[in-house]
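Colleague: Take a look at the following structure, please.
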Amino acid sequence: MNDTLIIRELGRQPYEPVWHAMQEFTDQRDEHTADELWVVEHDPVFTQGQAGKAEHILAPGDIPVIQVDRGGQVTYHGPGQLVIYFLLNIRRLNYGVRQLVNHIENTVIETLSDYEIDAKARRDAPGVYVDTDKICSLGLRIRKGCSFHGLALNVNMDMEPFSRINPCGLSGIKMIQTKDLNGPDSFSEAADAVIKHFTSSLSYSNILQQTGLAQDYVKAS
């Protein structure tokens with residue numbers, strides 16, 4: 001049993017190397033591997049999940065589109081958006097997939113509540129919403145009883161690229177961000193708040209901060 005959690009700050013990164021590192025980490029881990037949260041800000045990219053449909057990518061323009069192995073449909077990542085990847089042994093945590101999704105959604109809801117933002121989850125469409133507007137997207141993959149991929153919380157970003165897609169396959173959905181609701185207006189503030197809430201109800205006895213990707217999981221280009 002490993003009750004250590006590593007919080008890995010990656011800074012700003014292109015999407016594909018981080019995605020491939022997640023896959024490599026998950027493939028190599030065993031029952032003794034510590035869980036990790038990867039905290040990252042991505043260069044502009046559209047990612048199309050396994051349930052995605054081409055018609056939901058309306059006009060990507062100069063932003064690349066990458067087909068990925070997470071659940072869900074198309075979303076946008078870019079500067080000013082908080083992305084956290086959850087590399088967790090959910091069997092060891094005694095979590096089911098739905099429990100993990102609920103925990104992540106509730107983490108964001110509780111974080112926003114600290115700023116008097118009334119957010120909620122929807123059973124029919126994963127993520128976090130304020131009224132009918134979406135502020136946080138969520139997509140996971142489970143392999144060998146372990147999760148990867150994660151959440152994307154809009155903090156202080158250029159929202160225009162969302163108009164080039166039907167976010168999460170939802171036509172007409174409005175995407176919003178925390179800055180415009182008197183919530184966190186910086187990446188670091190949002191990251192600290194979300195991580196605090198996520199870890200508060202889990203039983204990790206040792207939480208370590210690290211920076212950068214471990215080279216064992218970085219594929220040579």
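Cβ atoms are placed via backbone N, Cα and C, with glycine included.
I grabbed these lines from Swiss-Prot:
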{"type": "ACT_SITE", "residues": "CYS168", "note": "active site, acyl-thioester intermediate"}
{"type": "BINDING", "residues": "ARG70, GLY71, GLY72, GLN73, VAL74, THR75, TYR76, HIS77, SER137, LEU138, GLY139, GLY150, LEU151, ALA152", "note": "substrate binding site"}
{"type": "DOMAIN", "residues": "31-206", "note": "domain 'BPL/LPL catalytic'"}
{"type": "SITE", "residues": "LYS134", "note": "site 'Lowers pKa of active site Cys'"}
Colleague: What count of other C-beta atoms do you get within 10 angstroms of the C-beta of GLY72 (substrate binding site), across all chains shown?
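Modeller: Other Cβ atoms found within 10 Å: 23.
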Colleague: So among ARG70, GLY72, TYR76, LEU151, CYS168, all listed as recorded positions, which is physically nearest to LYS134 (site 'Lowers pKa of active site Cys')? Use the C-alpha atoms.
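Modeller: Smallest Cα separation from LYS134 (site 'Lowers pKa of active site Cys') among ARG70, GLY72, TYR76, LEU151, CYS168: CYS168.
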Colleague: I want to verify one value. Collapsing DSSP to three states, which class is GLY72 (substrate binding site)?
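Modeller: SS state of GLY72 (substrate binding site) = coil.
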Colleague: Among ARG70, GLY71, GLY72, GLN73, VAL74, THR75, TYR76, HIS77, SER137, LEU138, GLY139, GLY150, LEU151, ALA152, listed as contacts of substrate, what is the widest Cα spread in Å, to the nearest whole number?
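Modeller: For the residues that bind substrate, the greatest Cα distance is 16 Å.
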Colleague: Quick one: mean pLDDT on the domain 'BPL/LPL catalytic' (31-206)?
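Modeller: Overall, the domain 'BPL/LPL catalytic' (31-206) comes to a mean pLDDT of 94.
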